[in-house]
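*Asks:* Just dropping this structure here.
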């Protein structure tokens, strides 16, 4: 089948750098299905690349001057491509435990071609046991001399690169017949495809991704490496939404800033003019490709795209670029500076290199130091699947049984050819990272029976649309909570999507897995064994201290402020939806649960909106509605704060109060602080209660403002003694809990306005009187 630009990388089969669309990208990796080819380079000079039609691309990483003492050497490299020799990488330093195929469990086939396969694997031995990786397995016998060189070059480059925005090589090893590369498994998918399908983003959002990409190029160039294959398929998202540059099969090493390479390679639409005309290219070629990516991100279109490849190349060499009028002056300026056909005049080609690009006005608001340290949150977090999910891969491959078949050695000296190939990353021994646990979105949830993997235990809760049970995973005997939602009565898609993106937050309930059958959705969540927040007070039969209450409120505000910053409103922050994960009720184990009524900000076309997009392009009435939802979250926490401090609710006097009575008190907006208990509470606490319960949502503090309030900020210095029980009296906390629930129910069931005939409205009656009076006056005048 033919592919078109914009098709998800998953359908191409590879989200970590082996794209079946350009076989050259796969030359050190996988030559996937020929009918999946999309980007094909044209060659007329057989010295540039092999003329074999099954291997239409050649390596693009070019090293421009190897750093001194870098542990490898390149022998007899000639930049005119007239001759090539093998690369001796025997001097690469190895550290830590040596890996071999027996240490990896094969989980799925991710791709397959004439060179070998790509597997999803899990490490089953060693300190990083349990980690999931992508494993390229290459058959030595099928690798031509040029392919062997590129394979070792890719391994060589990746072994010496450690950068937050570049894919990491963890191990490289070989058997007599095969080569193995163990890489990051990136589950976030292709950045541009994901964003174009899921989220509305703006020029400010583009700055973030382009800045991270610029830092990646800066690092490569500092090592003397020209990337030469910058395109959307090679820029992927990690679990947090940061980019990772992948696929170094087309990169080239060992040229300095004044030398050039003459290879014709890459993807035509992203090629610089000097690559097409074969006059030699340097690192500046990457900056042209950066401009193409920037243009595509901002407009959704390629800057140069003809009827066919030849026409596209002609446009790149000669056509005048049409600059969209809606781009800012800074964006247009940067694009023009990157699209200089004379590479010597191109921004970044000067003596300061990438620094010239970083100093451009387009990036004026970007703090590159914080960005490099990942101290700036990405504008978009992908909805991730389980740690070993392959939902973004071609099912043609993933449905196959993973099997690493034996291979004959390439030749009698096959092992010697790849001498020094083995490698173990330093980080493998030094870092012990937790595996992120999240889940598939509902459309791709697991469809095998939930009871195949879990045993359902006792019921622990229920709601209007769902029931919650304890459950136990059969394989590990670990206990979870399973929320079962009937599809016929409630659509859980939004709830699952929100938890996929945000359950990593410390104070949001963790979502581990999702199952789906014909009648229900099964959400496997963290089991909160500490129970409800107010149950703790019920059991204590006394109030906590201000210090304890402030710690609880700080954590809740932290979670709500995060959700609001991500364009999510919970809209159901009742006391029953705030639980403790641990039995000891430590405030650090607080969890906000039940996102059934939560909402994400979406554009009219259903796509998610980043904060920048929301602020710039959303209608005022939509913003007011979003602000109202978020303000209600703060109000709900204000009710809870009042109750925890005083032992009574602000608007319900007892369990027998009617909704109308409660709503009347809420509408009055009067909060009495005359009870003796308030005499024992600090003025700062009283001030925060008033601000969170302000009847006017426009005056009410936001979650961020509440989190910055003085009372929260000085929580460690607050009194640690319980609020005096003699002032409160004997607490019936069960009645307090019921009264609090009545308050939330009253708000949720606030009666809607009863519509009556138009003629019965006061305005209609007044106008009718005016008409009757006018007619009366007219008749009187006529009779006179």
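Don't overthink the numbers, they just go from 1 along the chain as shown.
Positions of Cβ are set from backbone N, Cα and C atoms, glycine also.
Reproduced below are the annotations present in Swiss-Prot:
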- 229: active site, proton acceptor (ACT_SITE)
- 572: active site, proton acceptor (ACT_SITE)
- 110-118, 136, 460-468, 483: ATP binding site (BINDING)
- 104-363: domain 'Protein kinase 1' (DOMAIN)
- 364-433: domain 'AGC-kinase C-terminal' (DOMAIN)
- 454-712: domain 'Protein kinase 2' (DOMAIN)
- 401: phosphothreonine (MOD_RES)
- 610: phosphothreonine (MOD_RES)
*Asks:* When DSSP is mapped onto helix/strand/coil, what comes out for residue 468 (ATP binding site)?
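*Replies:* The three-state answer is strand.
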*Asks:* Got a sec? Which of these binding-site residues, 136, 465, has the most Cβ atoms within 10 Å?
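*Replies:* Selected residue: 136.
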*Asks:* Among all protein chains shown, how many Cβ atoms are found within 10 Å of the Cβ of residue 468 (ATP binding site), not counting that one?
*Replies:* 20
*Asks:* Test of understanding: give the count of other CB atoms lying within 10 angstroms of the CB of residue 462 (ATP binding site).
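*Replies:* So the Cβ neighbour count for residue 462 (ATP binding site) comes to 12.
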*Asks:* Return one of helix, strand or coil for residue 110 (ATP binding site), based on DSSP.
*Replies:* strand
*Asks:* Fill in the CA-CA distance, residue 229 (active site, proton acceptor) to residue 136 (ATP binding site), as an integer in Å.
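*Replies:* So the Cα of residue 136 (ATP binding site) lies 19 Å away from that of residue 229 (active site, proton acceptor).
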*Asks:* Quick check on the active-site residues: of 229, 572, whose CB has the lowest count of neighbouring CB atoms inside 10 Å?
*Replies:* 572
*Asks:* Sorry to bug you, but what's the C-alpha spacing from residue 572 (active site, proton acceptor) to residue 465 (ATP binding site), rounded to the closest Å?
*Replies:* 14
*Asks:* Just to verify a number: CA distance, residue 468 (ATP binding site) to residue 572 (active site, proton acceptor), in angstrom, no decimals.
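*Replies:* The Cα atom of residue 468 (ATP binding site) is 17 Å away from the Cα atom of residue 572 (active site, proton acceptor).
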*Asks:* Could you give the Cα-Cα distance between residue 572 (active site, proton acceptor) and residue 110 (ATP binding site), in whole Å?
*Replies:* 41
*Asks:* Where does residue 462 (ATP binding site) sit in DSSP terms: helix, strand, or coil?
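*Replies:* SS state of residue 462 (ATP binding site) = strand.
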